[in-house]
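*Asks:* This structure is in structure tokens; I'll ask about it shortly.
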Amino acid sequence: MISTLLTPQNGPGGDPAPRLAYGADYNPEQWPREVWEEDVRLMREAGVNLVSVGIFSWARIQPARDEWDFGWLDEVMDLLHAGGIGVDLATATASPPPWLTTAHPEILPVTASGETVWPGARQHWRPTSPVFRDHALRLVRKMAERYAGHPALVAWHISNELGCHNIYDYSDDAAGAFRDWLRARYTTLDSLNHAWGTAFWSQRYSDWQQILPPRLAASHPNPTQQLDFKRFSSDALKEYLCAERDVLREVTPDVPVTTNFMVMGGTKGMNYPDWAGEIDFVSNDHYVHPGPQDRDELSFSANLTSGIADGLPWFLMEHSTSAVNWQAVNVAKRPGDLARDSLLHVAHGADAVCFFQWRQSAAGAEKYHSAMVPHAGADSEVFRAVAALGDTLRELAPVAGSEREPAKVGIVYDWDSWWASEQDSHPTSLLDYRQEALDWYSALLSLGVRADIVTTRTDLDRYDLLVAPVLHVVPAPLAKELARYVETGGHLVTTYFSGVVDENDHIWLGGHPGALRDLLGIRIDEFGPLLDGETVRLEGAGTDTGTGSLWTDRITVTDPSTEVLASYRTGTYAGMPAVTRRPAGRGSAAYVSTRLGAAGLAGLLPELLAGAGVESELPPSARGRVEQAVRHHGDTRYVFLVNRTDEPVPLPGVTGELLTGGTGTEDGLVLEPRGVAVLRQSAH
Ligand code: GLA
Ligand code: GLA
């Protein structure tokens, strides 16, 4: 559906063929009228064909309760259309105006300790406030009625980064909605009391009205209450998303609807796999956090976004041309990074490359955030790089609409396990779910092995090797599904703190990991978490040079067929198993009981990959230096080759029709330092 989003209805400049979208958030209300003309001219120069407009325009569109000012936006829409630029039009509900919060302070969120989140920034609204919803939906309807049929309108952009600042609200509205949510989940108080384990610490409820969000408490709040509050909070925003969507679908049934997700480091409140089915196409925002794994993290996030979109194309709705404004130190991108970062998203399924924002603000909290047109204007390195990327994306037009070609390795990313494994009062507070998954991904990248990040909703049978790091929450049906996966030939690898609890965060008793014990052919009778900085040595299966940190387990092998791939060489469990693998059915189930980190996993993975019959698709000399991602359209494959190094990398034997990047040689291809090449190949 989204590959046709930019077809000719979008004005005189529109191409009839699908193309990749290119653009940014566009905030013309921050600029005098005369700048708008220059904006459109420069957009055309840069190859921009899509902008998101109106995201923070509520106060401008509706200056008072019954006053509307659409004139300026009409003009912007018309100007963009005349320039051949499509509009992803925001519903403008992201930041309620001062007149609304003054009249209705009861829409403001409340923190766990009872403080009001005051206006002055943005997203100061309660997802469950009926008053906020009335006002917001009234605006959505006005917007939809006003711009229905406008030729520039190509998609609706609901709100903005739902949950970025307001995912957790502990207000009385939230308390009421939480109770409704719990009634729907548990039906009876008895069932809730059981699920929450309220026999503990005298927490038994005798009336629904007694139940509260996990507000500031004297000690550790009930863990299942916390977990359910996380589930509820994600659902509450999803429900809000659906309410806006329903208005849009009623008024403009033919215009696709999206909202920008935030699949990136540091964001975990929104269960996006669960949201994805509610919108017409997935969009994501991503910002680089500078550090040793930063581009691996970018690739991981793009890859996970593709998993959330179930391999269909998605939109990169925001990223940055250079520095952001909200990190401790806001590092400018190096030459080449703007293009490589963008194309890495395209490699993983993005059909749009958009930035925050078009023109760098002169005032406001984001005035030091980079943009497509920086403070310096068009005569700048950034704008030249922006225009060059516009040319590259034109060369890549044939890629639009193509889907992910599944890899042989899948890494399971599960929100319930993420939420539950990082709660308080656990064996360690140092566990980092996302980091563990990222380390497996980094290790596979370093070996040149392509992997898909998938969710528990994905068809797992696509994968020969399935890595499920810290799969902490394993309800009985998932345990059965994993056993079936292995029986029928799949090779499963899981890690410490997996299979420990059910969906209510109750321990599977009888020895860990209860839900996966038989499948793994091991039993753990005590966890051995390590102090910060403490490490253990291992031996066997390529683990000799690495160290384990964070966690160890006291493992007994319970099935004679379980192989001990590696053992502890030091520490409390010296001489005992550290990594095991049990052949089962036509597949196998392996367990890694400590945190090996990306380098340590790169030592162990060859054994696990060999067991599953998975090999790198890259020439040996390029493994680790090049990342490969593949999209396809029927029998046509688009192979993205991304140079991860600062040196040229030859790819002997790699051939195909070069759409962009790289230099063809007699026996293959050479990638420029940090360059990206895209080849078109036929699957036959
Ligand atoms: C988010 C928001 C944008 C902007 C950028 C800055 O992605 O959606 O409005 O604040 O962050 O990085
Ligand atoms: C204190 C409390 C107990 C229990 C332990 C846990 O001693 O009295 O109820 O919480 O701490 O260490």
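Keep in mind that glycine also has a Cβ here, set from the backbone N, Cα and C atoms.
Just so it is clear, the model here is predicted, and its values are computed rather than measured.
Sharing the record's features from TrEMBL:
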- Glu161: active site, proton donor (ACT_SITE)
- Glu318: active site, nucleophile (ACT_SITE)
- Arg122, Asn160, Trp326: substrate binding site (BINDING)
- 627-681: domain 'Beta-galactosidase C-terminal' (DOMAIN)
- 1-20: region 'Disordered' (REGION)
*Asks:* So how far apart do the substrate binders Arg122, Asn160, Trp326 get, largest Cα to Cα in Å?
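*Replies:* It comes out at 17 Å between the most distant Cα atoms.
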*Asks:* For the recorded positions listed here (Asn160, Glu161, Glu318, Trp326), which one has the lowest count of neighbouring CB atoms within 10 Å of its own CB?
*Replies:* Trp326
*Asks:* Report the same-chain neighbours of Arg122 (substrate binding site): residues 6+ apart in sequence with Cβ closer than 8 Å to its Cβ, ordered by sequence.
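*Replies:* Looking at Cβ-Cβ distances below 8 Å from Arg122 (substrate binding site), excluding near sequence neighbours, one finds Phe56, Ala94, Ser95, His165.
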*Asks:* Cα-Cα separation of the residue listed as 'active site, proton donor' and the residue listed as 'active site, nucleophile', in Å?
*Replies:* 10
*Asks:* I'd like the per-state residue tally for the domain 'Beta-galactosidase C-terminal' (627-681) from DSSP, helix first, then strand, then coil.
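*Replies:* Tallied per class, the domain 'Beta-galactosidase C-terminal' (627-681) gives 0 helix, 36 strand, 19 coil.
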*Asks:* Taking just the CA atoms, what is the gap between Trp326 (substrate binding site) and the residue listed as 'active site, nucleophile' in Å?
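*Replies:* If we compare the Cα positions of Trp326 (substrate binding site) and the residue listed as 'active site, nucleophile', the gap is 15 Å.
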*Asks:* Kindly state the mean pLDDT of the domain 'Beta-galactosidase C-terminal' (627-681) in the predicted structure.
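*Replies:* Averaged over the domain 'Beta-galactosidase C-terminal' (627-681), per-residue pLDDT gives 96.
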*Asks:* Helix, strand or coil: which one is Glu318 (active site, nucleophile) in, per DSSP?
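*Replies:* Glu318 (active site, nucleophile) sits in a strand per DSSP.
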